[in-house]
């Protein structure tokens, strides 16, 4: 049979028109999407809030996060402090969403004139003020901003951050574009994304045998870049073949003009040639293409075209041939049924008849039978390569996913158990520390109370002693001066002339009061007390040494005074005895 060039040309024209339509459709959809994005967004200029300093792991590069505020950003749901604590202690805190706008990174200079990277994050102004008032909310929003930047830009930021007190923003405040309405939770994937993600591979469809009724349909698909059959997902239907190559390298979805026996299909992938061969047995008399009439032949690549000659003439010939073949097959079936019935009848007769039946069967077997239309038809040979069992791959993948899921569940429960044990231990430690702190505070309060009582008693005793001493001194003074007639006038004149004079005791008391200073040892530890005692001992030792030196010096001075007095007395006696003599009959 020959192919019609008109049909081939029309098929190629249809293909070109379809590709052009797809390109125009993609361009139109892209423009509409860009216009919708421009209509659904607006530009805002946020206000400065606070600046966070952290580092990028593992390079330790400085990263600054500018948390800004704006009323254009919608606020998150209302949340109290208790609700926030309960949310942080829950298993899945991701249910609470904080609307924010994450800006692009920009390079700035820090205080040391070194380049660093900064990110701008915009949140609602009211929620920002709430975070400023409560340290727990502040740490929460910082953690949310850090995780948002990590998820968007694939970063790993250090959790050892620092809030800059004297700086609210690093760099200059730029404009940001935010959406005016939120995206739906479930979005339909655009055809543009699918077509851009995967491309259509080259393939060839072959029919075996090339002449006569189709018995097998063979698809040879070229997959350059695929090294293993484990990355292929093949789905063969009765009239459709769908192939996906992960990760989004190839996508093929074709229909063929035959009904295929899905249970008997086979596929194998040759790693050397990178060609996937799919062998599909064709169900007899099932060609359902509107433009194809059996038999079909393969033509070219990328498309399966039906071969036709003169349609009106060959159609009648094919119909007559099919009718004759059906009649021959029906006669052969009737003949075989008659033979089987005759065999069954002859088996019930005697042994002699059984031998005659065997001779009849041998004669019947020697009788020539009509040959089939396609004699000795064998399935096509499949090139050597890796045989793909998609059911086994799917089963292994399901078992692997189940094993990973069980492992994750076990790890989750083990981690949850550890967290609960740590939480219980932490609560016990907090209660124990709280009781110990209360006991320490009680003992400290009792000691402070006793010290204050002792100080008050000592002060009261000293005041009484001082008052008693002053009273005794006044009584002695009055007793001594009571005999003086001019006591009052003398005292008044002395006070007016010299003012109030201090006694030796008062002078000594004043001097000691100035020299005495409290040690302040109540809040000292043992090592500080030891050091203070050592300092006092050194000071006392020095004073005693100086006292001893002064005493010795005083003794020497007293001795010298006594010697001088003796000399003076001796000299006076000597002068008195030898100074008088007779001069001119008189003592001088």
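Going from the start of the chain as shown, residues are counted 1 onward.
Cβ coordinates come from backbone N, Cα and C, glycine included.
Note that the structure is a prediction, hence the values are computed from the model and not measured.
What TrEMBL annotates here:
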type	residues	note
DOMAIN	27-184	domain 'PIH1 N-terminal'
DOMAIN	215-282	domain 'PIH1D1/2/3 CS-like'
REGION	311-387	region 'Disordered'
COMPBIAS	311-330	compositional bias 'Acidic residues'
COMPBIAS	339-365	compositional bias 'Acidic residues'
COMPBIAS	371-382	compositional bias 'Pro residues'
REGION	435-478	region 'Disordered'
COMPBIAS	435-476	compositional bias 'Basic and acidic residues'
Overall pLDDT of the domain 'PIH1D1/2/3 CS-like' (215-282), taken as the mean = 85
Work out, from DSSP, the number of helix, strand and coil residues along the region 'Disordered' (435-478).
-> 44 helix, 0 strand, 0 coil
In the domain 'PIH1D1/2/3 CS-like' (215-282), how many residues does DSSP put in helix, strand and coil?
-> 6 helix, 38 strand, 24 coil
